[in-house]
């Protein structure tokens, strides 16, 4: 029996989606259009927030950071996937795989943490409206984003370092379209029970803790809204939270299923579908949800196009 260690695997093969000469061009076009729409829509939203002074509020500052993270998040994986769809060679070096895994987790965890910060912003806006601008000042907003980034750095290192310290002896075929921790762990030629435990503990800290904060915040928001006497006031308050709850749900559910399950229990096919959802679909829907439901963003867009509504 030939003994090999981690150094024997110098590259991985990303199997991606089923290779078919007839469907590959359609698949390429589909994902390319989605990727371009993600870049254009998020860039436009950032531009609108930057250019329109009416959008210079903490809520829109966090939305602009979210849009930036979405573009970085998808750019980590989608361009490579597009190349591999049309290419016969789908190899990725060991070093590039590690880098992609870490960068993907860095942006993903930072974004997830940002969702909890955005819920706190909604809490202050609804529960303490008179003190909102004082409490959510620019320095505090920057500090919160910095904490989210630090959370992403530490969380990404935890996942990546434990995954890549294992020996990989071959086969080197990753049944995924990018180097994601659960998919890569399946190729390790060692017991991964410790890694599964570490991943669950890390996932608890980077997924369950922020999600718990979001739930607690929205429970408090709900009780505050129910105290509002005006039905119209309650509807307006609920509508400001609906967008955020929708986005968090779309991101949190598939992430939790993927990273809170032991590697051996997760199906490769379902893993790829889940990844498509929180890696591409949410990045596409975020600007749509935050803009179509928002009169201020619509007015900013009309103003940018030269057909802005006159100030009241």
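Even glycines carry a Cβ here, placed using N, Cα and C.
Residues or ranges marked as domain 'G-protein coupled receptors family 1 profile' in TrEMBL: 41-290.
What TrEMBL lists as transmembrane segment is 26-48 (among others).
Annotation comment: TrEMBL describes 60-82 (among others) as transmembrane segment.
According to TrEMBL, the feature transmembrane segment maps to 102-120 (among others). Using a Cβ-Cβ cut-off under 8 Å and counting only residues 6 or more beyond its ends in the same chain, the transmembrane segment (102-120) has close neighbours at 59, 62-63, 65-66, 69-70, 72-73, 76-77, 144-145, 147-149, 151-153, 155-157, 159-160, 178-181, 206-207, 210-211, 213-214, 217-218, 244, 247-248, 251-252, 255, 278.
Sequence annotations record features per position, and here TrEMBL assigns transmembrane segment to 132-154 (among others).
The transmembrane segment annotation in TrEMBL covers 200-225 (among others).
The feature transmembrane segment is assigned by TrEMBL to 237-260 (among others). A Cβ distance under 8 Å defines the sequence-distant neighbours of the transmembrane segment (237-260), meaning residues of its chain 6+ beyond its ends; these are 108, 111-112, 115, 118-119, 122, 125-126, 180-182, 199-200, 203-204, 207-208, 211, 214, 218, 221, 224-225, 228, 266, 271, 274-275, 277-278, 281-282, 285-286, 289-290, 293-294.
According to TrEMBL, the transmembrane segment annotation covers 275-292 (among others). Same-chain residues lying 6+ beyond the ends of the transmembrane segment (275-292) with a Cβ under 8 Å from its Cβ atoms: 31, 34-35, 37-38, 41-42, 44-45, 63, 66-67, 70-71, 73-74, 77-78, 108, 176-178, 180, 243, 246-247, 250-251, 254-255, 258, 298, 301.
Averaged across the domain 'G-protein coupled receptors family 1 profile' (41-290), pLDDT for the predicted model comes to 87.
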